[in-house]
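Positions annotated as domain 'Major facilitator superfamily (MFS) profile' by TrEMBL: 47-471. For 39-63, 83-104, 140-161, 173-193, 205-224, 285-308, 320-341, 350-369, 381-405, 417-437, 449-468, the entry in TrEMBL reads transmembrane segment.
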Amino acid sequence: MSVVPEEQHVKRRAAPLFVVVTDGELKSLQEKGHTRNDLGWLPAFPHVLIASSSNFLFGYHIGVMNGPIVSIARELGFEGNSFIEGLVVSIFIAGAFIGSLSCGSLVDKFGCRRTFQVDTIPLILGAIVSAQAHSLDEMLFGRFLVGLGIGVNTVLVPIYISEVAPTKYRGSLGTICQIGTCLGIIVSLFLGIPSENDPHWWRTILYLASVPGFILTLGMQFAVDSPRWLCKAGRLEDAQKVIHDLWGPSHVDKAIEEFQSVIRSDGNDLESRWSELLEKPHSRVAFIGGALFVLQQFAGINGVLYFSSLTFQDVGITSGALASLYIGLTNFAGALCALYLMDKQGRKRLLVGSYFGMAISMLLVVYSITSPLDEELGHNLSILGTILYIFMFAIGAGPVTGLVIPEISSSRTRGKIMSFSFSVHWVCNFLVGLFFLELVEKLGIAPVYASFGAVSLLAAAFAYYFIVETKGRSLEEIETSLNSTSAANDK
């Protein structure tokens, strides 16, 4: 029980100076007062939206080569060479690997905002070099530069959003980057349609890829820096202003106190060492981050996306662009659902449910292929399983993986752990692309899809046992809790 003063509204009647309220009622009163000072999600939204334009570029560059690759091959002289065509499409993975590894050090030194602006240089130059390419070497160089920028961005965006977004809305705002990726894919597919009739249209759509880069450069000039990085850099007043403007005045003192407590615990030097990822508790988080991306990629999302066009052809949808558009819209719908559910259901539940749904979807596809069903029914079940798989991926395995890793990372090593985790992502992405078709040719599509389902079940179990729920908890609260758990386990 707690005692609080009562306001004396009626002067004619003598009122008691104090009333007794329960602890639950007191907590309710405190929460109402706190809510009045809570600015909600809107002040942080423009900054998150600007950062998520990087993911729009990521999605755009994923889809932009699908339609015009034949025209590019014909004009640059490698038509019919499937190896070179694959190299042009995928060389940006090599750049992305290097970019992701370098991002952690850049974020530690310069903060997210300046790193975003520096990163637009390879993104803009890569798009322009690719668009004006008159030789294979120029095209490969341009695609490599784009990959370099994409690699930095994929690490940078989740870190920035997790550190700028208010705790209550961090999950939903973190999902916007996934929506940005989906929109980028859809826009690139729409813009690529004229390439079927115009053999030179590919130059136009590659030039257009530079526009979001310029917008990102300008937008970041008006965006805020991470209050956590500002505090670590000794810019306390700037950190207080960001918290005041984005989270609300009632959050300033508590947030700064938490930031400084973590800095005292971790050390106040800006840049961490890579060797720290081998030390506890950072080694456990690095293991979880790398394992999540290994499981995500070997659960087969890129293989299913690649084979989906053939699946759609079986039911009469012969246009590759139209099939890709259906896939893009499904991905977008799933991301919207994740936006709504992330801060309601929590990361762990979405991740486990997503992978379990992906496993069921693969089982449905395998059943449609291997069972003696009516041909039309089999094709329809295969389409249903494919659509359901992509939708379930977009609800959890896609957005949650990139969001939860910075949430469970310490402030000191967040950049390095994200760099390591995404470098693992790009290596696995490359390996799946390299061996998928060969495995399909040797084993058949049913065993390969069955293996995707098995990995999805393994991923669901991994998430259930290794992922802690981060919904509604500040990054500092999560870090303190994990450090305490690690220390207790060492005893």
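Here the Cβ of each residue, glycine as well, is placed from N, Cα and C on the backbone.
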Legend entry - Average model confidence [pLDDT] within the domain 'Major facilitator superfamily (MFS) profile' (47-471): 89
Inset, instruction - Answer with yes or no whether the transmembrane segment (350-369) touches the transmembrane segment (39-63) by the criterion of at least three Cβ pairs under 8 A, sequence separation 6 or more. - result: no
Legend entry - Close approaches to the transmembrane segment (381-405) from elsewhere in its chain (Cβ under 8 angstroms; 6 or more beyond its ends): 154, 157-158, 161-162, 170-171, 174-175, 177-178, 182, 285, 288-289, 292-293, 296, 299, 301, 304-305, 308, 311-312, 314-315, 326-327, 330-335, 337-338, 341-342, 347, 350-355, 357-358, 360-365, 367-369, 373, 417-418, 421, 459, 467, 470
Legend entry - Of 83-104, 173-193, 417-437, 449-468, whichever stretch has the most CB pairs under 8 A to the transmembrane segment (140-161): 83-104
Inset, instruction - Using a Cβ distance cut-off of under 8 Å, indicate which of 83-104, 173-193, 350-369, 449-468 has the most pairs with the transmembrane segment (285-308). - result: 449-468
Inset, instruction - Using a Cβ cut-off of under 8 Å, list the residues of the same chain at least 6 residues beyond the transmembrane segment (320-341) that approach it. - result: 63, 66-67, 172, 175-176, 178-179, 181-183, 185-186, 189-190, 192-193, 196, 305, 308-309, 312-313, 350, 387, 390-396, 398-400
Legend entry - Contact set, same chain, for the transmembrane segment (417-437): CB under 8 Å, 6 or more residues outside the stretch: 86, 90, 93-94, 96-97, 100-105, 151, 154-155, 158-159, 277, 282, 285-286, 289-290, 292-294, 296-298, 300, 302-303, 306, 405-406, 409, 448
